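According to Swiss-Prot, the features are:
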BINDING   87, 105, 106, 107, 108, 109, 512  ATP binding site
BINDING   891, 893, 902, 903  Zn(2+) binding site
């Protein structure tokens, strides 16, 4: 209450921000009359003047009012469009590392031209990031005339472009592209072998369109570049035949009784768990098929791979539904984005899940992949010096934007007042009653000439409605993952009188629905249209527009509430653009997944007690509140998963930054001879210390072991024992000096034989290739570590701390291996001439050609149990089974080493 009183007196934080920025808008407006008098040449010359002022020490804030006024004037001349004051506000918010929430139809694309131009003046490049290739190309082509008028270059960065094209795109002042492509290019640049293979400049300013979709919905999806691993398609096919034999458990296990069934499903967590009975049944089935030895357990260390395949197949059959989570097209399983309803060709689920789904559907099973490089969008975008974004719906996620990215959200007022009517939800008992009511509403709107946009949450729903409308003989268009080739055309005409459009998750479609239809697209369809033709098309459109407004504008009809309130708001936001008339209503049933999983049974029983007859609906604020609370629960849980994924990825990110920085340093260096000399000294001394411990007596020296290692790993034959037998004055230090001296001489001889330049090139190639190979193995080790780390909670340990500690140990081991492997290769390999180095490079290129890009879904299942396990760590007492192992006793693992030098190290 006190907070509300303060807000009344001082205004909200948002109001205060807008008030401050409003003063700058007044300054920009004051400049308009002066700039209108400028000739085109004088206006264009302002770009060079701004650049000069920045070089002489002024800041972007100093030139911003004039720069925005210049862009507004140029837009009036090039597009015949003037930036509204609210668009100037949006531009300022985007320039100040914040997120601008601008309603649909308020001109986000035009708003983006202001900060894009301003930040391009620095010469460091601006990346305007959209959700798909179509929007990137469209926005680049639409805005190119304006930017080129002002002397700026524009590039487009989309999938399938060659290296030279990408370099040119990144060298442009303003580069449009998709989030995937910018992320992949970053990873590819960090896998390059020479500086001229890199395409990106340092990451300066990113302006993200549909920022909530990219920074929140896709935050659980790391970008992964991977290479094919071994073929295990036969195994997936065999395991797939087991699943139909398993039965789902009807009720959960309790302390009193064990539920019947082989597996249980946790729909909230999207997890499936095998019961003890299920495990026994799977073991019997595997034994019958000769895949498991008689009496062997599925959970033994040797059968971990089998268990992994069984779990993947079980998830594929129980949690992933055709035409909801994926579609089958051209003998291929293609993922459907749950947030936008778009298909995502080229993306694959990780951890063998995609192959399991392919086996389930009987299509060609593609090989599993090995990760070569990966990064989450969260960590990629946090590398930009400046980051900003715009969307129609950000306020519900404002906390996450601030907490994860440090970005404040500012809600920009609409240019004209919003007049859309948002009706209360109608809740029915069954889905059948709900769909009947939806069809009646559609018919009613169509009879009045009101266009209807029906939003569904899955392809399955859209196809059900499609068949019902077909049966009712109602003409309509369907827009879903199966038919998005005609997307722009369908959306453009969705505002015509009586039009009925079914759309799966309308979010991110990128084309505004104009009441009466899109007259611009009609003009674009004509070749060289005359002024008369344009005038006629516009006049006809005006008549249609007025008819639709009189009928009530665009009516939004939601068939189900989405897990996220934001997606519902995006659907609603398609209506009522720029002060247009419009309305919206959601139809729900107690059989909807959100209601079934999260809304309490009390709602359902209350509806039954009310004695509701078939076809009756309940419309009550209490029910709407219950639904909103259910959505809040899901949003909070999803936020926790994203936050947890980020906490784990931050550990990997620190290591990634070190490796990539070191890699770029090596690649840019003319010669890495000094680095090789230092590594060589470390390796030699480490090796000698291992076999001749410092300040130790001769009896502890393992000379035979030292001679063997020197010969096997470093191709150096040294009769160390012979020297010691013959030379009495040879002690530890003089022996060390002699070994180092011979080693250095052998390497010098190699250099004299092939030439210093060839050896320097070879050193660099070996160093980079060895680093890449070890980094690849390290990523796989980190994946395995992360997948099982939550189990540490059951051993009273904090999974996050354990992950940090063990991943650091793995990283240290990788760096040690790098030193030894590089020196071993350089010592053993005989380089004959330049052709050997070139052959090595050619082999690398051939390997690289086999590498495919994968945009894999890592839904963080491995982390879901971490918090639960962590809680257990705090509450469960320590119970030791068996005798305590002494520090000097042999390790129980059977390695032959002392416990303190083996597994005792970790305890």
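Just so it is clear, glycine is given a Cβ too, placed from its N, Cα and C backbone atoms.
Around the Cβ of residue 512 (ATP binding site), the same chain contributes 104, 105, 491, 518, 577, each under 8 angstroms and 6 or more positions distant in sequence. Neighbours of the ATP site: apart from 87, 105, 106, 107, 108, 109, 512, residues of the same chain with C-beta atoms within 8 angstroms of the site's C-beta centroid are 102, 104, 110, 111. Secondary structure from DSSP puts residue 108 (ATP binding site) in a helix. Residues listed for ATP, 87, 105, 106, 107, 108, 109, 512, cover a largest CA to CA span of 17 Å. In the structure as shown, the Cβ atom of residue 105 (ATP binding site) sits within 10 Å of 21 other Cβ atoms. Of all the Cβ atoms in the protein chains shown, 25 others lie within 10 Å of the Cβ of residue 106 (ATP binding site). For residue 107 (ATP binding site), applying a Cβ distance below 8 Å and a minimum sequence separation of six or more within one chain yields 83, 84, 87. Cβ neighbours of residue 108 (ATP binding site) (same chain, under 8 Å, six or more residues apart in sequence): 90, 102, 209, 390, 392. For the binding-site residues given as 87, 109, the lowest number of other CB atoms within 10 Å of the residue's CB is seen at 109.
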